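Enquirer: So TrEMBL lists the following for this protein:
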TRANSMEM  B:7-29  transmembrane segment
TRANSMEM  B:35-53  transmembrane segment
TRANSMEM  B:65-84  transmembrane segment
TRANSMEM  B:104-126  transmembrane segment
TRANSMEM  B:133-152  transmembrane segment
TRANSMEM  B:164-187  transmembrane segment
TRANSMEM  B:218-239  transmembrane segment
TRANSMEM  B:251-281  transmembrane segment
TRANSMEM  B:301-319  transmembrane segment
REGION    B:334-353  region 'Disordered'
COMPBIAS  B:336-353  compositional bias 'Polar residues'
Amino acid sequence: MDYFLQQALNALSLGGEYALLALGLAIVFSVMGLVNFAHGELITVGGYAMFLAVLIFGVKDPLLILPVGVLAAIFFAVLLERVAFRPVRAAPPTTGMLMAFGISIILQNSALIFVGTRPKAVPTAEWLMLDVNIGSLRMPVVQLLEAGVTIGAITLLVVFMRNTTIGIAMRAAAKDFSTVRLMGIRADRVVRTAFAISGLLAGLAAVFIMARRGAVDPFMGFTPVLKAFVAAVVGGFGSLPGAVIGGFALGIAEVTLQATLPSSVAGFRDAFIFSAIAVLLLFRPQGILGERPDFGEKT
Amino acid sequence: MTVKSSVLLGSAALGLLIALIGFSALLFAEPYHQRIVFIFMVNLIIVLGLQVFMGNCDITHFGHIGFMGIAAYAVAVLATPIAIKKTALATAPFGLSGIELPLFFAVPGAIAITLIVAFFVGLVMVRQTGVPATIATLAFLVVVHVVLLNWVDLTRGPRAFYGIPIKASLSTATAIAVVGVLIARMFRDSRWGVQLRASSEDAAAAAAVGVRMQRLRFAAWMLSALFLSVAGVLFALFVGTISPKSFYFELTFLTLAMLIIGGMHSVTGAVVGAIVVALGLEVTRFVENGPDIAGFELPQMFGLTGFYLGAVIVFGMAFRSEGIVGPQEIEEWWGSRQQGKQSDAGSSEAPNP
């Protein structure tokens, strides 16, 4: 039972990480139709910002570097929108996607050139590494926090999307951007907010990823975001609730396989999961919550 | 099947260019440079295969290198001499460590294995559209990599697979690249190719006139996999030593950049892009290693080649998203220029609805 609860917490925190990232991808996609392959680099940028904060400004308190990571990710997301994605906003989706893909390669290799190939250590707050003991249960603080923060962020996001003008505008923009503009809402503001939120979510994920890894390297954003993409597709690409469900589903699947697979085939875990997803998509190509696009509609 | 003379003309022009590169390397270049030209030919075949799918279906394909990896490892496992397998691959499953096929069987065998995998992946792929389709191809690449890396008994895992007979030559690769251009052109301008391109522009209208998009996509997918399997076999039989990381993101980025910068909607674009990016890549590699230029010693810069590829893609997308060549084939340049001269208005493109 204890073992089960511990694995459940593992699944919840890993799923939470995927959900945060998948949500960020889905928000940007739903508003402006951009498949942001550079999303992973927001994590990397958050990580490097934390590293630089320690190195240059000598921030000693590990608690203070956490917000640095989040803020850097938000700032960078908004910057990317302005510099890289605004020029291709009106272009076909493939153009934007490849643009993001190119940006991602550039950022990874810039980190290689200017910071170095080796992972850089970033100190983690000691209290994050502690365990909470409840009876015979041992629960790491990081995981509890990650699960909690994820759920909190998602709740806040729901409130934001339902109750603020800009949130409602973002949901409307997912259906029909021109009408949103006819209602007198600035397109730039909607898009910028979408990017800022995706940056915030990626920054939160970055903080927890850093706490677990303790180091930053140029390619650290790639794998989590690939998983997030898969999660978003499973949930239904562009659907926000779908992204959350897909994220948690993927987290649960990974932890379950990790716990049950014999070690001789454990290396194949991702291959199993992706193949299972392929079969799922065979029967439900639009994902769990996705809507089948009207025939002939551009997707 | 009748082949339009314009297709033959365009293929001949491109084929001549490729043959010229290949044969001048054979005649004049040193072995080291011949090696570079061989790799270029393999990359060109990859880019052509990518064009067959991406250019006609308008779906970005990240998984093509997965097929190349499967084919390369398949030919390696089938054709490597038993003597080498005894030390390198003693625990291979299905009794493969005791098998050594002549190339005459190993090469078609490897291609067949790849196509069987492509068949099953394709069944899933054609049901997806747009972004999910692209993510699916990316997931496929990861699955292939994970399997190559972890099926240690069959692939030696992360360690290099060595001892593959070195039988491919630059002249073979050049010949295959030339034939590849012709096949890619024939497919693009065939009835299927035209229908497929129409359906990628407007699925509803194409379906209304009886185009079966999923079936055609499947055909393009399989033809693309055929190109990639040939590239994989050539690669393995030329370098003799392969490892899973030869078939992962680096090569994916490189070949995608080649296709995109040339223009993915035409075979001419694929060829031009491959040449342009390859030239730039050699220059970048030179600089990356920190050469002495006019007395200045430049620092080594790891990551410069990757940076270059990213920059190529970003600038391509920002300033010329249709690529250098655009959607027109080489013989159409000539034709459209003539037309432009005749009709001053020159609006040969259909007005947007």
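Placement of Cβ uses the backbone N, Cα and C atoms for every residue, glycine included.
Relative to the rest of the structure, where do these features sit?
Expert: Residues 63, 67, 70-72, 74-75, 78-79, 133, 136-137, 140, 214-215, 217-218, 221-222, 225-226, 228-230, 232-233, 237 of the same chain lie 6+ residues outside the transmembrane segment (B:104-126) yet bring a C-beta within less than 8 angstroms of a C-beta in it.
Away from its own ends, the transmembrane segment (B:301-319) comes close to residues 250, 253-254, 256-257, 260-261, 277, 280-281, 284-285, 287-288, 290 of its chain (Cβ-Cβ under 8 Å, at least six residues beyond either end).
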Enquirer: If you count every Cβ pair below 8 Å, which range out of B:7-29, B:133-152, B:164-187, B:218-239, B:251-281 shares the most with the transmembrane segment (B:35-53)?
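Expert: So the stretch in question is B:251-281.
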Enquirer: Most CB pairs under 8 Å with the transmembrane segment (B:7-29): which of B:65-84, B:164-187, B:218-239, B:251-281?
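Expert: Per the Cβ count, the answer is B:164-187.
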Enquirer: Give the nonlocal contacts of the transmembrane segment (B:133-152) in its own chain as ranges (CB under 8 Å, at least six residues past its ends).
Expert: 59-67, 69-70, 73, 121, 124-125, 158, 244, 247-249, 252
Enquirer: Under 8 Å between C-beta atoms and at least six residues away from its ends: which parts of the chain pack against the transmembrane segment (B:65-84)?
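Expert: Sequence-remote neighbours of the transmembrane segment (B:65-84) are 46, 92, 96-103, 105-107, 109-111, 113-114, 117-118, 140-141, 143-145, 148, 154-155, 161-165, 224-225, 228-233, 235-237, 242, 244, 246-248, 251-252, 255.
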